[in-house]
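Peer 1: Here TrEMBL flags 28-49, 61-81, 101-128, 149-172, 192-220, 257-278, 298-318 as transmembrane segment.
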């Protein structure tokens, strides 16, 4: 009889914490997401120590690629840590249900770091676009365009700007002295700010993808233009096309496409999962503004598919670097297809060999002025 009366005598937050602790579905969801993120960390760690690497030699693009992979790993680590703490909180046999309550400062820090790491990925895409555009159009010398420290500074600045704006909105309407039963700071008073936060996070994601897609497809167009592959240009203004672009510019274009071809599927899957999370969360917030705590957390975990985005991103990176077969202990198939992305050990000798190969490729496929209306047989795509 006492056990039935006791929950009614507890504060509402403590009752909500006990409801969440009794939800088997909620426990299953956070365990699955945690395992997915642990697997993604393992894949990224395997890629970091694998001998074969993508042929990205330019220091600027190399540091951006490393930063993107590092932020993806940090996103997975954040989700893993949050879910581990959550499963401990709701599974430990506390005598007092009020001991299951979260400190709102802890939840705020965990959720803020998650979005900051996502902003790091989005900022890297924006910096990549600006850096590649400047190197191709403004800096003619390949060696002089190497400014990895400056690129790193811009990465830090852009990430900080996006993160500060997010934190200002996210902290609005939060009672810092409150202890909560759920792993989200959304409440009855900050619902409007919470929707603004969702919109802002998705807007930064879309902005980063737009910058990335621009530099990718612009580089594809520029490469065709330089090599004279575009039939319309060959027929109309063939004499005005800069066919004798310096090798530096051509190397910059190939370097750009090497990194954008690698990250294109990663960026698209991240965007798709982010949009799904944003739309689903917005609909759920409109339909169920104040559901019971256990239902609220189940809905939150179901719609937040972005939390497991590191797993498909890690798998796509493994595929793009040619390591997917090794990852699953399969024998890789030998391919003879010419590609701007070559998977060999990144050494000085391989770098020189790669540039020599590109130089021969440029010279071999330079269009003959006497055959300016003939379409080249070499079609280069990612």
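Each residue's number is its place along the chain shown, starting with 1.
Placed from the backbone N, Cα and C atoms, the Cβ positions cover glycine too.
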Peer 1: At a threshold of under 8 Å on Cβ distances, which of 61-81, 101-128, 149-172, 298-318 pairs most often with the transmembrane segment (28-49)?
Peer 2: 298-318
Peer 1: Would you confirm whether the transmembrane segment (61-81) and the transmembrane segment (149-172) meet the contact rule of 3 or more C-beta pairs below 8 angstroms, pairs 6 or more apart in sequence?
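Peer 2: With 3 or more qualifying Cβ pairs, these stretches touch.
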Peer 1: When you scan the chain for residues with a C-beta under 8 Å from the transmembrane segment (192-220), skipping those not six or more beyond its ends, what do you find?
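Peer 2: Residues 115, 118-119, 121-126, 128-130, 132-133, 136, 162, 165-166, 169-170, 172-173, 185-186, 253, 256-257, 260-261, 263-264, 267-268, 270-271, 274-275, 278, 281-282, 285, 381-382 contact the transmembrane segment (192-220) from elsewhere in the chain.
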